[in-house]
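Dropping the structure in here first, questions after.
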Amino acid sequence: MAGEYNTILSDELYVSTVLIRGSDYLRNGRYSKGLAFKIEERQAFGFHGMLPPKVYSQKLQLELCLMNFERYTKDLDKYEYLITLLQSNETLFYKFAFDNIETVLPILYTPTVGLVCQMYTSMYKYPAGLYITVKDRGNIYKVLQNWPESDVKAIVVTDGERILGLGDLGAQGMGIPVGKLMLYTILGRLNPQYCLPITLDVGTNNQKLLDDPYYIGIREKRIVGEEYNEFIEEFLSAVIRSFSRKTLIQFEDFSTVNAFQILEKYKHDYCVFNDDIQGTASVVLSGLITANKVTTGGHQLSNNTFLFIGSGSVSIFM
């Protein structure tokens, strides 16, 4: 099937069973290979003549990608280039990322993603992920059904209240789940069609965004208390109904209070994970255990005293 993930590592001819042809096929970033389509493929898929006659190897495409990427001097411009590449040729984007991990990761995620989220309204060009808002209460399941992939195995979701160290960015926090799931694919080799980035737009308390006529989210104050809890409950139930109880739901950049509350309430009934509490904390603990072995010869960790700076989710959990 065209678009199968193994094509990322190969530019060999493959047979498509996708029910789109011609320019629709060519413009679909999931399936398009750009100038890497062989003449036989161009004829079979109905877009022969719609591309220049030159057929590129994937190696040549990657060389051009690197040249174009390095032309940009600002990280934000590099990010926009990579996202444009993703939208036009997903196969090439991930192959380029695989081959240039150390160069690409700081652009697709921290530190650049923080600036991306701050600029998300003005930068918005392409649909990415799923927005579920407070206006969708009672219909969240129907919204999830609009996602084109039915076999979703991993969801990264944020409500945008505590984006990195930048605070409440509301719907502009979508850059976080989008970026985190790119890491799932680049580092974990999870097929991107199994990934679903979601932003829960429950409003924002950021007055600058509330006053911005161009803001892409709902210009209302955040819902709180029981209203918020019921919204989260409906969302989780809708995810299980739409996909599977085994679908991973990773909560990202929620407020400390909500993060702990959600994890504690649902950890026994859903496949939930909070990176800010469990992910970073587990890495820190691993580092402390290793350091303890080196510095004390393996004495009990409890014999040491540790100072954690700040009162974020990780410090509190540790």
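Using N, Cα and C of the backbone, Cβ positions are placed for all residues, glycine too.
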Would you identify which residue of Asp269, Asp276 TrEMBL lists as part of the divalent metal cation site it also attributes to Glu252, Asp253?
Asp276
List, in sequence order, those recorded positions among Arg162, Lys180, Glu252, Asp253, Asp276 whose Cα sits within 10 Å of the Cα of Tyr109 (active site, proton donor).
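The recorded positions close to Tyr109 (active site, proton donor) (Cα within 10 Å), listed in sequence order, are Lys180.
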Taking every protein chain shown into account, which of the binding-site residues Glu252, Asp276 has the largest tally of Cβ atoms within 10 Å of its Cβ?
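That would be Glu252, with the highest Cβ count within 10 Å.
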Rounded to the nearest Å, what's the C-alpha distance separating Glu252 (divalent metal cation binding site) and Arg162 ((S)-malate binding site)? Just drop the number here, would you?
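Rounded to a whole number, the Cα-Cα distance is 9 Å.
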Using all protein chains in view, find how many other C-beta atoms are within 10 Å of the C-beta of Asp253 (divalent metal cation binding site).
26
When you rank Lys180, Asp253, Asp276 by Cα distance to Arg162 ((S)-malate binding site), which of the recorded positions ends up on top as the closest?
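Comparing Cα positions, the closest of these recorded positions turns out to be Asp253.
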If I take the alpha carbons of Asp253 (divalent metal cation binding site) and Lys180 (active site, proton acceptor), what is the distance between them in whole Å?
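About 11 Å separate the Cα atoms of these two residues.
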Might you list, by sequence position, any residue in that chain lying six or more from Lys180 (active site, proton acceptor) with a Cβ less than 8 Å away from its Cβ?
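When sequence neighbours closer than 6 are ignored, Lys180 (active site, proton acceptor) has Tyr109, Val156, Pro197, Gln250, Glu252, Asp275 within Cβ distance under 8 Å.
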